[in-house]
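Notes follow the structure.
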Amino acid sequence: MAPNRGASSSKQSNKSASKKSSSSSTLASKSRVSKSSANKNAKRPPPKEVKTKARTEKALQKKTKKREYTEKELNLPALNMITPVGVQKPRGKKKGKVFVDDQESMMTILAMVNAEKEGQIESKIMKARQMEEIREARRKEAEARQEQRKFKYEETKELLKRKRKNGGKEQQAKKDNDQSTTPPKKPNKKRVAFA
């Protein structure tokens, strides 16, 4: 809400506001009348009829022909053709590979390359065999170690079983044997020497 300025000032402002509103209302009514009268005087063109074509018309049923491109324009490779990598040339550039016209020299080169590849394959096979032998040897060593452990384990088991069965008999017999074989020792007398 707006702050109140006082009773006298509000009365004056109301009077001036009423004068302004009455003058503005007459102007507004005139402008309203003039606009509406202008609209009545202006003639509108009659509405045009828009004719729609039936969908069954032949022109709509016909499909527009699209342009068909040839294989050369699309730069498509020929189908069912296996071309070696060296033969394929990139567009607009020369390939740096030169092929031999003589068939025999071509075959010798091929034989050399194949021999190298076979050698590599053979070396891989040899390495695989060596690795397999190493694995087999390690496996055997591990098995031997496990057998030794089992053997030691079984021995200790047997020893413990024997000790349990015999109990204190063996220990007492050993003590008796030790005492009978060695004469009893005399206790050493302590001597003190004066300088």
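Including glycine, each Cβ sits where the backbone N, Cα and C put it.
Annotation comment: Swiss-Prot describes 1-74, 136-195 as region 'Disordered'. The compositional bias 'Low complexity' annotation in Swiss-Prot covers 7-40. Per Swiss-Prot, the feature compositional bias 'Basic and acidic residues' maps to 46-60, 136-159, 167-178. The coiled coil annotation in Swiss-Prot covers 124-166 and is backed by sequence analysis. Under the heading compositional bias 'Basic residues', Swiss-Prot lists 186-195.
Here the compositional bias 'Basic residues' (186-195) has no Cβ contact under 8 Å with any residue of the same chain six or more residues outside its ends. A Cβ distance under 8 Å defines the sequence-distant neighbours of the coiled coil (124-166), meaning residues of its chain 6+ beyond its ends; there are none. Secondary structure of the compositional bias 'Basic residues' (186-195) per DSSP (helix as H, G, I; strand as E, B; remaining residues coil): 0 helix, 0 strand, 10 coil. Mapped onto DSSP helix, strand and coil, the compositional bias 'Basic and acidic residues' (136-159) counts 24 helix, 0 strand, 0 coil.
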